[in-house]
Amino acid sequence: MAHNKVRVRFAPSPTGGLHLGGVRTVLFNYLFAKKHGGEFVLRIEDTDQTRFVAGAEEYILECLEWCGLIADEGPHIGGPYAPYRQSERKQLYRQYAEQLVENGYAYYAFDTPDELEAMRDREKINGNQSPQYNHHIRHTMRNSLTLTKEEVNELLANNTPHVIRIKMPTDTSVTFTDMIRGEVTFNSGTVDDKVLLKADGMPTYHLAVVVDDYLMKISHAFRGEEWLPSAPVHILLWRYLGWEDAMPEWAHLPLILKPDGNGKLNKRDGDRLGFPVYAMNWTDPRSNEFTRGFREMGFLPEAFVNMLAMLGWNDGTGQEIFSFEELLQKFSIERVHKAGAKFDFEKAKWFNHQYIQKKTGEELATLFAPVLDEKDIQADPATVAVIANLVKDRLHFVNEIWDQGFFFFQAPTTFDNEAVKPKWTPEKQAFFEEWMQQLATVPTFDLATIESSFKNLAAEKGIKVGELQLPFRIMLTGGKFGPAVFAIAEVLGAVETIARIKTALPTFQA
RNA sequence: GCCGCGUUGGUCAAGGGGUUAAGACACCUCUCUUUCACGGAGGAAUCACGGGUUCGAUUCCCGUACGCGGUACCA
């Protein structure tokens with residue numbers, strides 16, 4: 001269109017935690033902008049002063065930072081189109097609303113909340129399911145369309161509370177092209193006269209989004225599908241304000257649905273089904289209600305982002321693991337799905353698992369360090385790295401290193417005796433007693449040495465190696481779990497290995 | 001109710017007038033391993049329904065059903 005530079009924006013309302021659908025919207029905006037060498041703007045849509053939530057803006061910023069989706073302009077860093085908080089732009093909007101009134105595209109409405117309610121009650125009695133302030137009823141209300149010029153001027157002069165509403169045409173076809181859905185058409189007559197400027201002087205979303213997108217030279221506007229029904233209002237506003245040539249291209253993103261049943265995914269579903277919905281932990285300062293986040297649950301940001309990208313988009317090749325660079329290169333808004341996608345937490349876990357596999361033992365050890373700290377366990381980072389590598393392929397989350405390898409850090413206190421006793425024999429008892437002696441004298445206590453000494457002695461005694469491995473495992477770990485036994489022994493070292501055999505041996509006798 | 005958007009296996013989905021309708025997650029079987037996991041080999045879908053158009057429709061058109069979204073001085 002009339003834009004020579006790609007500029008997109010994410011415009012959240014700072015009213016609470018950031019939903020994964022919100023993060024995905026940011027992602028698609030970001031990828032699109034960067035792919036085209038454009039700019040990504042963060043704009044805070046805080047026009048509803050009654051819904052202000054302390055800390056919500058900072059929280060959103062932190063989420064974006066965690067995901068690596070940093071805005072080029074925004075309230076945190078400013079920019080050429082500052083301010084980026086709509087509450088700080090308040091005085092800007094009125095002139096445009098008034099311009100619309102002057103040109104006959106909008107009007108003053110003096111109806112009080114009570115009068116509006118009365119109107120709705122009246123309409124409902126007449127069988128109107130959802131009464132709208134529209135072309136059918138605006139002539140029955142108190143506004144500059146029904147009042148005389150003198151009355152209106154007087155009301156205005158007396159500072160009578162009023163709003164400005166758009167005057168939707170009675171029967172006009174409003175069509176626009178959505179980058180995802182193609183051509184979409186609405187009849188203006190089915191849309192109500194949305195409030196543009198509220199009684200407190202703040203714009204509503206409808207006015208603010210158009211004015212700010214224009215002023216901030218936004219070239220592409222991506223938002224959730226829930227905005228589709230109000231698109232005709234926005235399109236008309238662009239036209240009425242005389243800015244149609246500068247109107248951004250639109251794309252309405254499909255919704256993320258709950259895994260069971262139907263409907264938009266919300267934080268309640270996460271609580272109910274046991275998975276996060278917000279990017280990071282969030283505690284509502286008013287209710288103290290806590291909602292957990294993907295970050296704290298143990299998701300790697302790169303896995304979270306990759307997973308989100310695949311929720312509604314794919315490159316057509318079947319590839320699912322994309323580095324951020326690849327995403328930047330291959331993303332295209334046209335390949336975004338039209339239909340909503342049910343969120344599948346199992347698949348999300350799989351993505352995290354994939355990214356854990358890419359990490360080195362050292363990286364995993366670093367990420368795991370806080371868990372050990374919390375448990376007050378001192379461990380050599382190099383050893384933790386070895387352990388991490390050993391258990392890595394069975395992890396969905398970094399924290400699970402503990403579940404998979406706690407026995408590396410503390411000796412078992414109980415043993416799964418039931419798994420051993422039924423097959424226990426004096427010969428096996430003798431084997432371990434003798435092997436302990438041998439272990440104390442091996443030159444180097446490494447995997448190969450341990451394993452060959454174990455196997456040689458077993459052969460000598462005429463016992464099948466397999467018969468001995470499970471008991472040995474249980475001696476070291478307490479149960480039937482963990483990575484390869486000899487690898488465990490190597491990490492534990494000679495002293496600890498012998499000590500554990502010694503402790504466990506007596507408990508195996510029937 | 002009205003308006004809009006959508007509908008390929010349990011889930012994410014590729015594809016698109018003629019195909020054995022990809023792949024992934026999950027599931028099941030087998031294998032490897034006398035733990036679990038990983039790995040490997042298999043298993044399972046006629047594309048919501050009804051009409052058209054066409055030699056031929058899962059793909060195009062129209063209906064219907066169903067689902068979702070919206071219907072606030074919230075975003």
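Every residue gets a Cβ built from N, Cα and C, even glycine.
Among the ranges A:12-22, A:45-55, A:419-429, the one that TrEMBL lists as motif ''HIGH' region' is A:12-22. The motif ''HIGH' region' (A:12-22) scores a mean pLDDT of 95 in the predicted structure.
In the three-state DSSP classification, A:LYS267 (ATP binding site) falls within a helix.
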